[in-house]
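Copied from Swiss-Prot, the annotated features are:
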ACT_SITE  Cys114  active site
ACT_SITE  His254  active site
ACT_SITE  Asn284  active site
REGION    255-259  region 'ACP-binding'
Amino acid sequence: MKFENFNILATAGYTPERVVPNSELTTMMTTSDEWIVQRTGIHQRHVVTAERTSDLCTRVAQQLLQRSGLQATDIDYIVVATMSPDYQTPAVSAQVQGNIGATKAVALDVNAACSGFVYGLQVVHRLLMGDSPKTALLIGGETLSRLVDWQDRSTAVLFGDGAGGVVLTSALAQDGAFIAADYRTMGEQGRYLTAGANGVDSPFASDPQPVLPFFKMNGRRVYNFAIKQVPASLRRVLDQGHLAVTDVDYFILHQANQRIIERIAEDLTGSMAQFPVNIGQYGNTAAASEPLLLNQLVTSHVIKRGDVLALSGFGGGLTIGTMILRY
């Protein structure tokens, strides 16, 4: 199989300073540290106090430029995956572009909820295809604490804020390569995970609707979706790439819930050895979760050049996206 050049030049991650441990949540709702850890694997989460999604993403973009040795004017594209933008418009990517002075970069946002970063990988992969080498920043960033009802323990215990990203290029900079990808949307199940309903309050509305800003989730439906669809998607990309499970060095999964990841690992390999996790530190950060984990593994020298990585995101939409690449 001929692999296409798809190189990660640098990784970066940022989380707000404010940490909310489970013990603090017990003062806000009827719950306990034991209850949260047993059901989710989460011990704490980071939350913003004044920062916005664009601020988190800008910090990541600045780190990416520093670590890659690139100038802002070297960037051709900026793609931000988020479900918690500052505004309906401008896009977070446009705000980042302006903040870092990437004057020639085309900027766009992707909203595929918790699948957003992996959807963004496919968008960037397509953007970079062409005759001349191009370079892009791909960032997943979220301030989900703004979408949480902090009295609803079914959702409040899950989510955190943060951002992570990568510099991607089609130049022959490293040994990186795109291997295979699989993307699916099950819109008929979208009602099982919603957030940020805008409402309808126009004077011309025949049926005014209230604003519903907070997460609403059918946890059982989402759990069953994940443990069924993620292994199926991973098997499809392995087949496309003519790879065995043992050919993958690490499976970088959306950090939705420790129990979900354990079930997926048991299904695919029978072991957590290839499935690193950091949900205990950060909670579910939606589109930020995979790049935050990837950055941790790269900066701690766990992931090395030439490693084969399978990234999979899943969540609202309902959506799932999986890509295998060589780092």
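Along the chain as shown, residues are numbered 1 onward.
Backbone N, Cα and C atoms are what each Cβ position is placed from, and that goes for glycine too.
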DSSP helix/strand/coil residue counts for the region 'ACP-binding' (255-259): 2 helix, 0 strand, 3 coil
Rounded to the nearest Å - Cα separation of His254 (active site) and Asn284 (active site): 8
Which of Cys114, His254, Asn284, all active-site residues, has a Cβ with the fewest other Cβ atoms inside 10 Å: Asn284
In three-state DSSP terms, the structure that Cys114 (active site) belongs to: helix
Three-class DSSP secondary structure - His254 (active site): coil
Conformational class of Asn284 (active site) under the three-state DSSP mapping: strand
